[in-house]
Amino acid sequence: MLLRLWVFVLLTPCYGWRPLNISNSSHCRNGNFENPIVRPGFITFNFYTKNDTRIYQVPKCLLGSDITYHLFDAINTTESLTNYEKRVTRFYEPPMNDILRLSPVPSVKQFNLDRSIQPQVVYSLNMYPSQGIYYVRVVEVRQMQYDNVSCKLPNSLKELIFPVQVRCAKITRYVGEDIYTHFFTPDFMILYIQNPAGDLTMMYGNTTSINFKAPYKKSSFIFKQTLTDDLLLIVEKDVIDVQYRFISDATFVDETLNDVDEVEALLLKFNNLGIQTLLRGDCKKPNYAGIPQMMFLYGIVHFSYSTKNTGPMPVLRVLKTHENLLSIDSFVNRCVNVSEGTLQYPKMKEFLKYEPSDYSYITKNKSISVSTLLTYLATAYESNVTISKYKWTDIANTLQNIYEKHMFFTNLTFSDRETLFMLAEIANIIPTDERMQRHMQLLIGNLCNPVEIVSWARMLTADRAPNLENIYSPCASPVRRDVTNSFLKTVLTYASLDRYRSDMMEMLSVYRPPNMERVAAIQCLSPSEPAASLTLPNVTFVISPSYVIKGVSLTITTTIVATSIIITAIPLNSTCVSTNYKYAGQDLLVLRNISSQTCEFCQSVVMEYDDIDGPLQYIYIKNIDELKTLTDPNNNLLVPNTRTHYLLLAKNGSVFEMSEVGIDIDQVSIILVIIYILIAIIALFGLYRLIRLC
């Protein structure tokens, strides 16, 4: 075994390191290889081969610094020549003719501001007004939060590169047996994939601080280049074609790097990839071959977002772009389990301080729900934020407007779906008072009905949804777990769309929260229970095919044997107790008349069910006008027949059958009734006098 010691010529002068006390010094005057000279101020290296001897002398001052110790600690001075030769040829070297020097061309408008514009400081953010629009400099708000300590890069890189002292943000995910780790630094991004078949490291950015150990050269690992950055690929030859096929087809990588300087184009690219992944049913599959490709694009998106496009941009556009970034974070977290780390942009948190009186800095368009947008941005911080009551009021109004627009079975627009996606995320993540939480879940869940299911299916089949937000459906609400495979089959079969049922179930499995911990009244329910939960202000109704929760229950008896409907009422402050038996019962009441004066049945829900198909839809009634619209025979919204029936689930926990008599609301005021009675009395009195005269 030959002893091989690699000598590194350090070009930095001695005074570049910490001061050293040199006890002696000497000029380097070598003899010949037969008579080497040993000097006190030098370290002498003698290298012997078969027919040659080489002598190197290095001044001790170059080897006395901390960094030198780190460098020598990073190399193996006892490695055999045989192992060394094997190591040299083990790694994949990209073909030189494929290393294109890509020239990214920004595809969107770049904003330039007059340099004389003085900023207005709003909550520590510099705002630049120009022609009625406020701008911020992207570099000031998109700074990623890096750890305070030096980053520990993957152990597999120790063989190839010297230690790098740099701060970074790190996030790790598990997919089956694979582990995906992203490292983000101000200069470069690393995606490290650990796989039983072999690891892969992709490093993109300004890699001038990355120094490879002999015999490796950085140029041997360059896979692609742009004008400013390199993409390094470190993977063994025997692994690349078996495990990481997307690298062999470099089209995806080339297209990604072509857009690397344009964040919005990258976000659009990821949205398209995410939607394709959903529609193929590949999300959450541990053997999905496209996960490495998705993780690479995810890393490029965040790296470019935090380092590119540093100039001015309208505030609203900055916020909408960050909204889209959070939506892909949400999607990836649903598809791939996060085990460690998070990515934060602390300056964006400053926008959460804005109240409705400050919204003119963001937009003057009153139709945009700024409160919803800002509160959605807070989902990245979970419980570490406080949302003001003014924002919650604004959010409640936004949701109420969408509900009133579509409560009577009209198709949701893309804009509505995007807003509902944000509202659902807010309801499922941001802590709020129980009243608000229940109200949001109720309205979002009640927008799921057969019309919405058919509309959603047609939208998915047409592949028209442009991003991962407006592909959302309220049927993914955690309170609508009754939307099961069999329920979708029932609805889609009537519309001849049953062939798309599996796609919709995949979407629901991704977008529906795994539990109901935010709703105290039903948090004990198993996620596998096919139950609908109606969280009214003072009572919660759970509609299920069996007994699942402690409460006052009612069994519907008009259905066929194969269809079972059990309605359980749980008072507001009751403790959630899961059960499989009847705890207490109540009778079904018959509703004969509804007064238009007191609106006893406002804040209640009208439920439609079929004797064969079971529960179909629910409509929350807020006020008397909505009740009149719903029950007006001319609107054909309630059409009872021998199979279809309607129940009114009242705010006090009672359940009423709505007969045809009950559907006709008494809309006559008490004053008119008195007038009619007086007229009738006068008429009768006149008739009496007429008879007497005869």
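From the backbone N, Cα and C atoms, a Cβ is placed for every residue, glycine too.
Now, the feature entries from Swiss-Prot:
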type	residues	note
SIGNAL	1-16	signal peptide
TOPO_DOM	17-671	topological domain 'Virion surface'
CARBOHYD	Asn21	N-linked glycosylation site
CARBOHYD	Asn24	N-linked glycosylation site
CARBOHYD	Asn51	N-linked glycosylation site
CARBOHYD	Asn76	N-linked glycosylation site
REGION	174-234	region 'Interaction with gL'
CARBOHYD	Asn206	N-linked glycosylation site
CARBOHYD	Asn337	N-linked glycosylation site
CARBOHYD	Asn365	N-linked glycosylation site
CARBOHYD	Asn384	N-linked glycosylation site
CARBOHYD	Asn411	N-linked glycosylation site
CARBOHYD	Asn538	N-linked glycosylation site
CARBOHYD	Asn573	N-linked glycosylation site
CARBOHYD	Asn652	N-linked glycosylation site
TRANSMEM	672-692	transmembrane segment
Reported in the order helix, strand, coil, what are the DSSP residue counts of the region 'Interaction with gL' (174-234)?
4 helix, 33 strand, 24 coil
Using a 10 Å cut-off between Cα atoms, which of these glycosylation sites sit near Asn573 (N-linked glycosylation site): Asn206, Asn337, Asn365, Asn538, Asn652?
Asn538
How many Å lie between the Cα of Asn51 (N-linked glycosylation site) and the Cα of Asn337 (N-linked glycosylation site)?
59
If you compare CA-to-CA distances from Asn538 (N-linked glycosylation site) to each of the glycosylation sites Asn206, Asn337, Asn652, which comes out shortest?
Asn652
At a 10 A cut-off on CB-CB distances, which of the glycosylation sites Asn337, Asn652 has the highest count?
Asn652
Which of Asn51, Asn206, Asn411, Asn538, Asn573, the listed glycosylation sites, has fewest other Cβ atoms within 10 Å:
Asn51
For the C-alpha pair, I'd like the distance in angstrom between Asn411 (N-linked glycosylation site) and Asn365 (N-linked glycosylation site), rounded off.
24
If you measure from the Cα of Asn337 (N-linked glycosylation site), which of the glycosylation sites Asn206, Asn365, Asn652 is the nearest?
Asn206
By the DSSP assignment reduced to helix, strand and coil, which category contains Asn573 (N-linked glycosylation site)?
coil
Using DSSP with the three-state reduction, classify Asn538 (N-linked glycosylation site) as helix, strand or coil.
coil
Neighbour count (Cβ, 10 Å) for Asn365 (N-linked glycosylation site):
9
